[in-house]
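Chemist: Before anything else, here's the structure in question.
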Amino acid sequence: MEAFDPAELPELLKLYYRRLFPYAQYYRWLNYGGVVKNYFQHREFSFTLKDDIYIRYQSFNNQSDLEKELQKMNPYKIDIGAVYSHRPNQHNTVKLGAFQAQEKELVFDIDMTDYDDVRRCCSSADICSKCWTLMTMAIHIIDRALKEDFGFKHRLWVYSGRRGVHCWVCDESVRKLSSAVRSGIVEYLSVVKGGQDVKKKVHLSEKIHPFVRKSINIIKKYFEDYALVDQDILENKESWDKILALVPETMHDELQQSFQKHHNSLQRWEHLKKAASRCQNNSKNDKCGPWLEWEIMLQYCFPRLDINVSKGINHLLKSPFSVHPKTGRISVPIDLQKVDQFDPFTVPTISSICHELDVISTKEEEKENGAESDIKHRTRDYKKTSLGPFVKVFEQFLENLDKSRKGELLKKSDLQKDF
Amino acid sequence: MQFLGGNRRKLRLADDQRNACYPHSLQFYLQPPSGNISLIEFENLAIDRVKLLKAVENLGVSYVKGSEQYQSKLEAELRKLKFSYRENLGDEYEPRRRDHISHFILRLAYCQSEELRRWFIQQEMDLLRFRFSILPKDKIQSFLKDSHLQFEAISDEDKTLREQDIMASSHSLGGVQLELESVYKIPFADALDLFRGRKVYLENGFAYVPLKDIVAIILNEFRTKLSKALALTARSLPAVQSDERLQPLLNHLSHSYTGQDYSTQGNVGKVSLDQIDSLSTKSFPPCMRQLHKALRENHHLRHGGRMQYGLFLKGIGLTLEQALQFWKQEFIRGKMDPDKFDKGYSYNIRHSFGKEGKRTDYTPYSCLKIILTNPPSQGDYHGCPFRHSDPELLRQKLQAYKIPPSGISQILDLVKGTHYHLACQKFFEMTHNVDDCGFSLSHPNQFFFESQRILSGGKDFKKESVQPETPQSKLSVQRSKDASSALASLNSSLEMDLEGLEELLQ
């Protein structure tokens, strides 16, 4: 893969927005079948331009308008905001108080930095294959809940381009949800609570809610490989002391001793599980059983959501197919059927796909005499690069949206025909 | 219809019609009443319902909601005022009709400001909660249906399928057999308070809610609907107010409950500075007594204390001139330079009397405000002693105030249960030698007023029942009001104003 140099962005972006950005699909998504008048026209976009210039309240009349603008401005970053009561680019002409955010997809942002207290391999903006499993687990847990508990059908998961993933829930009813309900959903999905000053961040009650139970079952599939091997959380005293901080003091001495005798994290974990299952007669909650073990697993593996991203209807979030200015990676959709195989390090960068395009173009020019119009090339260019498969995932998502929409329209028209 | 023997038939038809109008002892007030009503009945219904809601509020403050005493006293109140509450009590038509009409009349009076709406909604919700709690189980489903709530009880098969999950989710189902409980399936967004805390089982966008939890949801629905309705009512109010017959009543009902926040008193200038020391031990609530003592001892008070005490003094009747003299005298005793006082402190005093800056005539702090905002730190003497003092320190203070040990332990128990206003009420009862203080305390100036009333045999300090509101005070009331002072006024002025109302209507 071609190495990415941020200094080349201006040139690369020109090519990207001219030949590679999937405009047709993008418009198809945000237009939502044109069922609601002006839905696309009232959508806010924001651009981050060169030198960190940030402009809000961008809006467009149609796909062609969007294309022209992107090709003119070549933004480093695109954010998507809410659908407003009026065209965002005219918001200054609207009477005070009348310009309101009305609808938006329900979005989630899961960021690896929120796990710094429980990952030993990296910190801050860094990620590696050892800690990426956290994202894998997060996607499985959250997606299951959104689908099975809340009944949400149209969920688009996107790689953020550096250290996390985003989820866009696009069901019609979901776009209309109030801020209070969005907050409530995040609360429902939250289990790890507390900041830096809180050592033990997970406390389970005696009754385990089905959501928590099912999430624990998902974590169980990955825990051994992720926590006990890759992260090696019980490797040495320094690391296992952190686990002991989550366990009643009465157990510490015994565990310290036995940990010394064992050879690896797997053995130590087995021992800890057995010790935890024994009834704790001294402690206040006479919980016999695996609660302690689950609390540790959850603290180390359960997803951490940023409520502020999800609750505001007017919150702006990075757009799919936007470029990450620091890594060059494209924010690509993640195939839900292949979550476990997703590798952020193989996600195409803007430089790599531009390079691929160059190679292909020169080859094609050698074949034809270059009389083909630009447009024909443009509509199929991304397909010829490594971006192609990701656009396919996006198209599948759009197909499902279309099917749903048709179903809804049929239902409505049937109801109207009934007297 | 004029048939032979038609009289009897007519009565029966009317009966059925009457029952059909009001099929339940409680309702969501979805439809406004229609028909004709005499002005007298209109007015009487309004007054009776205000009495009822006021009782609901008082009982909710004096007893734990849902406790035996609360339930029985509230039921007695409803019976006394002849409003509906229970099913199967013979002819229920009249009480239900009274309930229906009076609710809608009060909407007209209570839609006019945020505080009024909040108060009205709170009491109506408590009332609905009570009525729902005594509704027999077999009547619940039909009530829900008639109220257009999309709550359907799920079949037994559906229940068994999900038994484990429902039991594991709902805290209200401790060990109870699920077969005996009804479970309702509702869209998840309608069960916000339940699902956000994972207190209910969710499946495919629906919440499976056991009966006990449905109440919270129903109340939420009610609150949302009533809130919207009040907003709508406020918009159509001008049309109603233009009716000359209704205007005086509605004005009186609403304005009485916004005026009494102790900012304008009929007793301005009736307190002299040399009375303050003795008044502080006789009639001041402990919070102000403590501030006064600290001021006398240290010849100084920090800002929080100056605000809380200064506004209280304004509320008991000190004029601006008196206030300036009072503070200056004390600060000078603390070796402060008179010029420094004039420069630094007098401006603030004048400001709090509305003579400087944006000229807001600040209102004395209510108990709620004192308890919830600006907690005191080292060197401060403001706040609420029941809330902000260490229990041991509080015990010592109460001993110094000569409260008997039994009283002290009662007070400390109330403090432990965070019933700070009840603790202060108990303090009032002990220091004034009465069994029942007879009011629901929510404002320090109310404490003073009630104390003075008892000490002077109830003759002095009687507020005029209809206070002519000067434009300035009305403005300031709206600007600097907070919810609890409206509540304070609602509590203590109600008796007065009801009398005033009844006079007005004669």
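Glycine is no exception: its Cβ is also placed from the backbone N, Cα and C atoms.
Automatic prediction, not curation, is the source of TrEMBL annotations.
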Chemist: According to TrEMBL, B:Cys367, B:Cys384, B:Cys424 bind [4Fe-4S] cluster; which one of B:Cys111, B:Cys287 is listed for that same site?
Modeler: B:Cys287
Chemist: Are there binding-site residues in B:Cys287, B:Cys367, B:Cys384, B:Cys424 whose CB lies under 8 Å from a CB of chain A, and which ones?
Modeler: none
Chemist: Averaged over the domain 'DNA primase large subunit C-terminal' (B:278-448), what pLDDT does the predicted model reach?
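Modeler: That region's mean pLDDT is 89.
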Chemist: Please report the number of other Cβ atoms within 10 Å of the Cβ of B:Cys424 ([4Fe-4S] cluster binding site).
Modeler: 26
Chemist: Using the CB centroid of B:Cys287, B:Cys367, B:Cys384, B:Cys424 as the [4Fe-4S] cluster site centre, which other residues of the same chain sit with their CB within 8 A?
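Modeler: The surrounding set, listed in chain order, is B:Pro285, B:Pro286, B:Ile370, B:Ile371, B:Pro385, B:Phe386, B:Arg387, B:Tyr420, B:His421, B:Leu441, B:Pro444.
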Chemist: Would you identify the secondary structure of B:Cys367 ([4Fe-4S] cluster binding site) according to DSSP, in three states?
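Modeler: In three-state terms, B:Cys367 ([4Fe-4S] cluster binding site) counts as helix.
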Chemist: Under a three-state reading of DSSP, tell me whether B:Cys384 ([4Fe-4S] cluster binding site) is helix, strand or coil.
Modeler: coil
Chemist: Cβ distance under 8 Å to B:Cys384 ([4Fe-4S] cluster binding site), same chain, sequence separation 6 or more: which residues?
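Modeler: Sequence-distant Cβ neighbours: B:Cys287, B:Cys367, B:Ile370, B:Ile371, B:Tyr420, B:Cys424.
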